[in-house]
Amino acid sequence: MTDTPTEPAVQFRDDVTVELIKHSASDSDVLWAARVSTAGEQSLEEITKDPERSTGLINFLMRDRHGSPFEHNSMTFFVSAPIFVFREFMRHRVGWSYNEESGRYRELQPVFYIPGEDRKLVQQGRPGKYEFVHGTPEQHKTVAEAMEASYRQSYEAYREMLEAGVAREVARATLPVGLFSSMYATCNARSLMHFLSLRTQDERARTPSFPQREIAMVAERMEAEWAALMPLTYAAYNANGRVAP
Ligand SMILES: Cc1cc2nc3c(=O)[nH]c(=O)nc-3n(C[C@H](O)[C@H](O)[C@H](O)COP(=O)(O)OP(=O)(O)OC[C@H]3O[C@@H](n4cnc5c(N)ncnc54)[C@H](O)[C@@H]3O)c2cc1C
């Protein structure tokens, strides 16, 4: 006798989910923090009074790397992505808070990652000088078939153990890093800028980075949400080489 529910259908995805769940983040937060030392409680008024000065101040803070005024804001994202993305993501320790779904307390759902047609499959060059180029249709077919077979097999083993009464925390060891997980990730603009500088590829970056495509997919979605919330800060970040202040 087991309380294991009916086996859910296996799903395959080639994308990620990123949703801005809640936020308290605007350019005026940066200006307020920067001006409070000199302008005191009048600082909020001054932001709208002189937009050009506000733009200039944000640009100055970014250029000279006065970073702390960019910390007085908050963005919480819901992210659903493969576990290998989360392993990279959670290396970002500073200015980030995480909560991830538990493989101990709930049965993991069979949603697995298979790269889409636009995902470059072939790596050329040497470490530090890698270039990724498009795979052939045959290579895509090989990837899709191999991953799908492996995912199905490991998920079947997971279910077999659950049905035999084995604890979820033990059975999950058989599941691969292509399994989707979900988390809440909360950051501020400064920690997000540092994350973006390492996890996106952008020609405006003073120091280029070469992130794995799948974490870059998450980063690009976060960047779009943040750009809409803090357009002056975002413009200054790009104008100053996408270096976190
Ligand atoms: C393209 C790429 C390839 C990578 N490859 C690998 C790899 O092969 N293996 C691997 O293990 N990791 C790898 N990483 C992860 C990388 O080493 C970092 O752990 C990750 O990018 C987080 O960066 P961070 O430490 O700057 O961020 P955070 O942890 O958010 O830290 C932010 C900043 O705080 C300061 N800081 C934080 N902690 C300390 C500390 N303990 N001491 C001093 N200063 C601190 C630093 O200035 C740091 O930049 C890779 C990252 C990228 C982008």
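Placement of Cβ uses the backbone N, Cα and C atoms for every residue, glycine included.
A TrEMBL annotation is a machine prediction, not a hand-curated record.
Arg199 (active site, involved in ionization of N3 of dUMP, leading to its activation): 23 other CB atoms within 10 A of its CB, across all protein chains. For Arg199, the entry in TrEMBL reads active site, involved in ionization of N3 of dUMP, leading to its activation.
Counting every protein chain shown, the number of other Cβ atoms lying within 10 Å of the Cβ of His194 (FAD binding site) is 19. The FAD binding site annotation in TrEMBL covers Ser68, Arg91, His92, Arg93, Glu100, Asn188, Ala189, Arg190, His194.
Among the features that TrEMBL reports, dUMP binding site is placed at Glu88, Phe89, Met90, Arg91, Glu100, Glu101, Ser102, Gly103, Arg104, Arg172, Arg199. According to its DSSP assignment, Ser102 (dUMP binding site) is coil.
Sequence-distant neighbours of Glu88 (dUMP binding site) (same chain, six or more apart, CB under 8 Å from its CB) are Arg199, Pro211, Gln212, Ile215, listed in sequence order.
Ranked by CA distance from Ala189 (FAD binding site), the binding-site residues Met90, Ser102, Arg104 have Met90 at the top as the closest. Secondary structure at His194 (FAD binding site), taken from DSSP and collapsed to helix, strand or coil, is helix.
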